[in-house]
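Taken verbatim from TrEMBL:
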BINDING   B:D45, B:D90, B:D234  Mg(2+) 3 binding site
BINDING   B:D45, B:T60, B:D90  Mg(2+) 4 binding site
BINDING   B:D62, B:D90  Mg(2+) 2 binding site
BINDING   B:D62, B:D138  Mg(2+) 1 binding site
BINDING   B:H69, B:D286, B:F343  substrate binding site
BINDING   B:G137, B:D138, B:R164, B:S236  ATP binding site
BINDING   B:D237  Mg(2+) 5 binding site
DOMAIN    B:44-155  domain 'PurM-like N-terminal'
DOMAIN    B:169-323  domain 'PurM-like C-terminal'
Protein chains: 2
Amino acid sequence: MAGDRPQEAGPEQASPDQRIGEFELIKRYLAPLASDPGSLGLTDDAAVYAPHDGHELVLTKDMLAADVHFFADDPPEAIAAKALRVNLSDLSAKGAVPTAYLLGLGLPDDWREDWLERFCCGLSGDQSAFNVVLLGGDTIRTGEGLQISVTAIGETPVGTAVRRSGAAPGDLLYVTGTIGDAAAGLKARLDPGFAHRMGLSESDHRHILDRYLLPQPKVKLGGAVRASASAAMDISDGLLADAAHLARASDVDLLLELADVPLSSALTAISKADQPTFQACLNGGDDYEILACVPEDRASTFEADSRKAGCPVTRIGKVTPGSGHLQLQGADGPLPIDQFPGFQHF
Amino acid sequence: MAGDRPQEAGPEQASPDQRIGEFELIKRYLAPLASDPGSLGLTDDAAVYAPHDGHELVLTKDMLAADVHFFADDPPEAIAAKALRVNLSDLSAKGAVPTAYLLGLGLPDDWREDWLERFCCGLSGDQSAFNVVLLGGDTIRTGEGLQISVTAIGETPVGTAVRRSGAAPGDLLYVTGTIGDAAAGLKARLDPGFAHRMGLSESDHRHILDRYLLPQPKVKLGGAVRASASAAMDISDGLLADAAHLARASDVDLLLELADVPLSSALTAISKADQPTFQACLNGGDDYEILACVPEDRASTFEADSRKAGCPVTRIGKVTPGSGHLQLQGADGPLPIDQFPGFQHF
């Protein structure tokens with residue numbers, strides 16, 4: 001679409017500063033990313049997509065805004081990758097194999113062609129890394145800051161997508177990776193003294209910054225999730241907030257052993273330096289790890305599958321009968337969850 | 001997704017001004033729109049969708065930004081409807097039956113609950129009118145103005161989606177509705193003296209304002225397009241610009257008879273008052289009418305089907321052998337297209 005603009009001016013028109021128009025932009029930078037025949041070379045109004053025989057689609061859509069979900073001056077490659085990866089993370093948690101995506105790109109008034117070229121490089125790299133293709137989308141001028149909207153498509157054999165709602169008492173609770181790093185990385189971005197105050201090594205400091213900048217979605221775990229998990233989701237709002245969401249959706253209680261939550265050396269350092277900051281990071285979100293409930297008789301298979309996939313999991317608790325609550329077990333007994341920093345997320 | 005926000009604050013958190021959080025917003029206003037079981041009640045990370053047997057998906061994604069694609073102070077119901085309708089228009093032009101959509105809603109900092117309620121009313125009305133359901137999406141705070149991103153899903157029997165690229169010499173060129181009204185409506189919105197200067201009656205004035213505010217996608221024509229059209233697209237960039245796109249995609253020439261382009265009484269009045277303004281409106285875009293090429297032996301069927309569907313079509317030209325150019329035929333012979341106001345759209 002185009003043409004509909006109160007100011008009667010838009011990215012589609014020849015710019016007085018000689019920047020390329022929307023068509024040239026699509027042709028030069030986006031069309032090379034659209035290798036699927038269903039994308040119709042991005043020259044049509046829509047894309048055509050048929051799932052593989054016996055499969056259905058899993059669809060997710062996440063929006064990101066400059067200076068809300070990323071810093072406007074982040075490397076364009078990283079912004080592109082983050083926009084795609086947060087969506088792939090959702091698909092993996094449902095046990096789906098990502099296949100394609102549509103991109104909505106809202107450019108600020110001062111967009112530059114070299115920025116766009118690097119943004120598309122980031123997409124291209126991730127398309128190779130995650131085996132997905134650009135299927136279609138839209139490019140507009142926002143009139144304000146950069147806005148990105150990705151709709152990602154995955155597939156699962158019909159009826160096998162994993163919900164948040166399937167957990168049953170007796171299931172074990174697992175998580176991938178380490179928790180809290182991205183939230184610590186955001187604090188470090190906002191506060192130049194953070195790393196020093198927390199006593200972080202240079203490599204710990206780099207680690208948390210990287211984890212904020214560039215999520216590592218556990219796409220390779222999708223098969224194991226589908227094969228073994230009774231319920232799963234990715235952690236974006238924060239470990240405790242999301243565990244509570246899963247408990248509610250499944251109408252069970254989750255008992256989470258705080259001491260078992262896997263930590264990077266950076267988070268371990270923060271936990272020694274400043275407990276409230278550590279606890280805020282633990283539930284700070286942006287982890288894009290997978291939280292999964294697995295029936296006990298599938299646990300060893302799930303653990304083995306996850307190791308094989310290169311996404312090892314850690315058991316951090318279990319599912320108990322209940323009515324949708326999260327219970328926290330600390331070193332010295334139960335912790336009152338409503339006093340946990342950052343838990344009142346909504 | 002949530003949690004990823006440089007300022008460590010977002011729409012998901014309890015607002016100091018007591019506005020509802022993201023979860024309550026979804027539950028109260030958006031979940032009632034998500035009646036399809038595949039939407040998982042909007043409580044999961046993703047939606048599940050399986051096309052009907054023998055069908056494939058047609059996917060389109062249009063973004064709209066406040067004060068670029070609509071006025072921020074337009075009625076919220078109309079903003080919602082426009083965001084959905086511009087996407088449905090794309091699907092109809094491909095011969096697809098719209099079924100569902102995902103909504104990305106980027107709210108400005110000063111969003112109000114009563115605004116959101118009216119926005120969702122607009123969606124609800126259009127869901128009934130066009131028989132589509134909300135399947136999933138995302139709600140964020142943009143940090144700036146309102147941004148809307150809709151991914152719409154339609155279905156066609158496998159292999160029957162109509163492209164821009166199928167036109168062949170000898171085909172006839174048709175258009176639905178009347179052309180130029182929305183562009184005139186935008187001029188009237190921006191210039192309080194416009195209607196008077198153009199000698200528009202009050203009802204003509206209302207008509208063009210309505211056409212800008214609320215597109216009327218020709219969803220009911222989808223079946224006729226699929227049954228008869230060799231190529232089709234919706235008109236969003238402007239009749240001449242889009243006809244040129246279709247000519248290029250099909251690698252044919254299009255001969256368009258300007259005198260045959262269907263006009264409302266408002267546009268007829270403008271053509272008498274001010275030819276340059278009239279010509280700018282004619283190619284101003286935002287029409288969301290369908291431009292279709294139809295083989296001559298299907299023409300009477302297409303015309304009859306379109307009448308039955310309540311979307312009558314007008315023949316405005318024909319397809320000739322060529323290499324992707326649009327030729328304009330005026331009352332006094334060929335018109336040089338590059339002198340047509342607004343044609344240099346890209």
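Any Cβ shown, glycine's included, is placed from N, Cα and C.
This view paints the features noted in TrEMBL onto the structure.
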| residue | record | DSSP class |
| --- | --- | --- |
| B:D45 | Mg(2+) 3 binding site | coil |
| B:T60 | Mg(2+) 4 binding site | strand |
| B:H69 | substrate binding site | coil |
| B:D90 | Mg(2+) 3 binding site | helix |
| B:G137 | ATP binding site | strand |
| B:R164 | ATP binding site | coil |
| B:D237 | Mg(2+) 5 binding site | coil |
| B:D286 | substrate binding site | coil |
Quick one: which of these binding-site residues, B:D138, B:R164, B:S236, B:D237, have their CA within 10 A of B:D286 (substrate binding site)? B:S236, B:D237
Please report how many Å separate the Cα atom of B:G137 (ATP binding site) from that of B:D237 (Mg(2+) 5 binding site), as a whole number. 27
Calculate the distance in Å between the alpha carbons (Cα) of B:D234 (Mg(2+) 3 binding site) and B:H69 (substrate binding site), and round it to a whole number. 17
If you count Cβ atoms within 10 Å of the Cβ of B:D234 (Mg(2+) 3 binding site), leaving out that atom itself, what do you get? 28
Using the alpha carbons only, what distance in Å do you get between B:R164 (ATP binding site) and B:D90 (Mg(2+) 3 binding site) once rounded? 11
I need the nearest neighbour of B:T60 (Mg(2+) 4 binding site) among the binding-site residues B:D45, B:H69, B:D90, B:D138, using C-alpha distances. B:D90
Do you know offhand how many angstrom separate B:S236 (ATP binding site) and B:D90 (Mg(2+) 3 binding site) by C-alpha? 9
Fewest Cβ neighbours within 10 Å, where candidates are the binding-site residues B:T60, B:S236: B:S236
Taking only the Cα atoms, work out how far B:D237 (Mg(2+) 5 binding site) lies from B:D138 (Mg(2+) 1 binding site), in Å, as a whole number. 28
Spatial neighbour of B:D90 (Mg(2+) 3 binding site) that is closest, considering only the binding-site residues B:D62, B:H69, B:D138 and their CA atoms: B:D62
Going by Cα-Cα distance, which of the binding-site residues (B:D62, B:H69, B:D138) sits nearest to B:D45 (Mg(2+) 3 binding site)? B:D138
Which whole-number mean pLDDT does the model give the domain 'PurM-like N-terminal' (B:44-155)? 95
C-alpha spacing of B:D62 (Mg(2+) 2 binding site) relative to B:D138 (Mg(2+) 1 binding site), in angstrom: 15
Of B:H69, B:R164 (the binding-site residues), the residue whose Cβ has the fewest other Cβ atoms within 10 Å: B:R164
